[in-house]
Every structure is written in C-alpha cells, then in structure tokens.
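Record features (TrEMBL):
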{"type": "COILED", "residues": "5-46", "note": "coiled coil"}
{"type": "REGION", "residues": "51-74", "note": "region 'Disordered'"}
{"type": "COMPBIAS", "residues": "54-65", "note": "compositional bias 'Polar residues'"}
Amino acid sequence: MTSQSQGIQQLLQAEKRAKDKLEEAKKSVNEAKEEAIAEIDHYRLQREKEFRNKQTNVMGSQGNLSAKIEEQTTETVRNLTSSYHKNMESMMKKLLSTICDINPEVHPNFRHAV
C-alpha cells in the first residue's frame, strides 16, 4: 500500500510540476506576444513616419509647382490685360472708320437706262 500511495504522491507532484511549467509557458507566451505587439506597433509608427515624410516631400514639391503655375498664370493675365488696354483704342478707331466711313459708289455692272 505504501508503494501505491507513494506512487500516487509522485504522480500528484509530477502533475503539479507539469501544471507549474504550463503556467510558466503560458506566461512566457503572453510576454512574447506583448513584446511582438510592441515591436509591431513601433515598426508601424516608424513606417508611417517615413511615409508621411515622403508624402510631404512629394506633396511639397507639387505645392511649389502649383505656386509656380499660379504665378505664371497671373503674369500671363497681366500681360494680356496690358496688351488689351494698349491696343483697344486703335482697334476701336479702325472698326469705327470701317463702319462709319462709307463711300457710296455705283457698281461697275450697273447700266444706266437712257
């Protein structure tokens, strides 16, 4: 009997040790999982920061391009307006003289009936 109770005691102790090791393994897995999540979050933040920097560089250059185009457009409009004001009076004179200065003439094909 004593050997049987001794065997049961050994089994119970082995079960307890296995349970302790299992708990220890679970704790290690949880710690590893938390560390992995922390590393992933750190990596994600780093990549997002790099992406934002690249995006800022690209969009910043597009912003400069947009400013240059806006400046060129403004200059072109200014030049066209200046040309319009400079040439408007002479064109109006030519137009009015063409319309108002009429020289009535008889058409060469007109036959005068006598």
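Glycine is treated like the rest: Cβ placed from N, Cα and C.
If you take every residue in the coiled coil (5-46) and average the pLDDT, you get 93. Residue counts for the region 'Disordered' (51-74) under DSSP, helix first, then strand, then coil, are 24 helix, 0 strand, 0 coil.
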